[in-house]
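**Student:** Pasting a structure here, questions to come.
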Amino acid sequence: MPDIHIKNTRIYYNNSLQPAEIIIEHGKITKIGKDFRVSSSDMVIDAKGSLTLPAGIDVHVHFREPGMTLKENWYTGSCAAAAGGIATVIDQPNTIPPTTDRRSFEQKLELARKKSIVDFGINGGVTGNIEKLKELWRLGVTAFGEIFMAESTGGLNIKEEDFEEALAEIKRLGALATIHAEDEKMRLELEQLLKGDVSCDYHSKVRPNACEASAVQCALEIISRLGVKAHFCHLSTLEAVGMIRKEKYLAKRENKEPLFTCEVTPHHLFLSTRDWERLGVFGKMNPPLRGSHSIKALVNGLNDGTIDMVASDHAPHLESEKGPDIRAAPSGVPGVETLMPLMLAAVRKNILPLAKMIMLTSWNPARAFGLDLLGKGKLEVSYDADLMIVDPRNLQPVRADMLHSKAGWTPFEGIDAVFPEYTLSRGEVIWMEESINAKPGRGKFLEGKGKMSEED
């Protein structure tokens, strides 16, 4: 007896949309085909012609727990993910306490296991704790980072002299380093130079394109020298995309796999410096909003394969915390619930093809972070039934009052999006009919490769 029978749907297969039915048993996709004769099942979903796609994998969220639960917690953050078609997330380490040793890791893991409704990984923090990285790797962290090369929320930025040593240890462990690339020296110099600037786009001026480009160049040199596997978080500039494209081309020319992957966020794709006046403090994030030339470069990078994936960098703050002062306002915007809907709208608007969007939001993240080994990332037989059912014709404006994050606001207010009708996680419907359909704690911890190898 199947657990779920999805009928009257369409899937992307062999480079085209095709009618299909899907049978799900024990949390896995067991059959994909047409005209199945099923005598009974626990649940039949009539998709009525809507698409069934792999659910999103968001490799960059800040669910703020422990320590900052006024902003978000594992339950509210995971509900936002589910409502947006995300079935797997990877949480970042800049909580209170930061996830930098056994005690803090186990504290976060216990909270996530009690509250999350989606599957999750946990990254380990990297500052001056290089002697703790092996322990964290054996405990099951997904990756290390984001390693902050410049100041950001949580105070986890690494000293310049420790950065290469940390990457060397991550290489020795066979782990993955995820990097927040901004040049701290340049940022501090510009902060002093612009201390009298009160313009709304101050934040983009104090962290300009060159700030990211300098840090990316530095990191690429160390990555190449050490041979460490790395991932660049939230690339945002024309210059950085050009560097990444060149390095990937050189690797391909030598028939080598690049040592690194990279992500871009929806806020760097769909918002720009033109939005500073409208958004004010609600447009402040690190790295900051960019100009139209960078946005065009990011879109081109998505389409030509330079950029590997899209991630939300969901970093919520309450409206009251943002305050009126652009300098004092904390950096970060909510985004996990709007990631997939905005990307689906981009497909509808011919910004990128559906096949590319699927790769960017499911398979590429799964492969880069080792989640493919755990059955994540594809709508295929034997993979986890992590799925979203969506009608691509159903464009609607994003509204803060329809979202589930504790933040209570969104920088994407009024922008067209396509929200899912259903979200499934391991064969369980966790979002349907515009409501959460899951209990806290059903989410599964996805152990990292260090834990898996220890058990082999």
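The count begins at 1 with the first shown residue.
Glycine residues also receive a Cβ, built from the backbone N, Cα and C atoms like all the rest.
Note that the coordinates shown come from a computational prediction; the quantities given were computed from them, not determined experimentally.
As listed in Swiss-Prot for this protein:
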- H60, H62, E146, D313: Zn(2+) 1 binding site (BINDING)
- H62, F63, R64, N94, H317: substrate binding site (BINDING)
- E146, H180, H234: Zn(2+) 2 binding site (BINDING)
- D313: active site (ACT_SITE)
**Student:** Around the Zn(2+) 2 site formed by E146, H180, H234, list the extra residues of the same chain whose Cβ is within 8 Å of the site's Cβ centroid.
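**Tutor:** Surrounding the site, in chain order, are H60, G145, F148, S152, T178, I179, A181, F232, C233, N286, D313.
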**Student:** Which binding-site residues (N94, H180, H234, H317) fall within 10 Å of H60 (Zn(2+) 1 binding site) by Cα distance?
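**Tutor:** Qualifying among N94, H180, H234, H317: H234.
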**Student:** I'd like to know which of these binding-site residues, R64, H234, H317, is least surrounded, judged by other CB atoms within 10 A.
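**Tutor:** Among the binding-site residues R64, H234, H317, the sparsest Cβ neighbourhood within 10 Å belongs to H234.
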**Student:** Give the number of CB atoms, excluding that of N94 (substrate binding site) itself, located within 10 Å of its CB.
**Tutor:** 25
**Student:** Just to confirm: which same-chain residues, 6+ apart in sequence, have a Cβ under 8 Å from the Cβ of H180 (Zn(2+) 2 binding site)?
**Tutor:** G145, E146, I147, F148, M149, A150, S152, C233, H234, N286
**Student:** Can you tell me whether DSSP puts F63 (substrate binding site) in helix, strand or coil?
**Tutor:** coil
**Student:** Taking the Cβ of F63 (substrate binding site) as the reference point, list residues of the same chain whose Cβ is under 8 angstroms away and which are at least six residues distant in sequence.
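**Tutor:** Listed in sequence order, they are E72, N73, W74, G77, S78, V89, D91, A112, H314.
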**Student:** Highest CB neighbour count within 10 A among the binding-site residues E146, D313?
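**Tutor:** Checking each of E146, D313, the winner is D313.
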**Student:** Relative to the Cβ position of H62 (Zn(2+) 1 binding site), how many further Cβ atoms are located within 10 Å?
**Tutor:** 26
**Student:** If H, G and I count as helix, E and B as strand, and all else as coil, what does DSSP give for N94 (substrate binding site)?
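**Tutor:** For N94 (substrate binding site) - judged by DSSP and reduced to three states - the answer is coil.
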**Student:** Sorry to bug you, but what's the C-alpha spacing from D313 (Zn(2+) 1 binding site) to R64 (substrate binding site), rounded to the closest Å?
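**Tutor:** Counting only the Cα atoms, the answer is 12 Å.
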**Student:** For the recorded Zn(2+) 1 site, whose residues are H60, H62, E146, D313, find every other residue on that chain with a C-beta no more than 8 angstroms from the centre of their C-beta atoms, and list them by sequence position.
**Tutor:** V61, Q92, H180, C233, H234, A311, S312, H314, A315
**Student:** List nothing but the largest Cα to Cα distance in Å, as a whole number, among the residues H62, F63, R64, N94, H317 that the record says bind substrate.
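**Tutor:** The substrate-binding residues span at most 14 Å between Cα atoms.
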**Student:** Under a three-state reading of DSSP, tell me whether H317 (substrate binding site) is helix, strand or coil.
**Tutor:** coil
**Student:** At the level of the C-alpha atoms, what whole-angstrom distance separates H317 (substrate binding site) and H62 (Zn(2+) 1 binding site)?
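**Tutor:** Counting only the Cα atoms, the answer is 10 Å.
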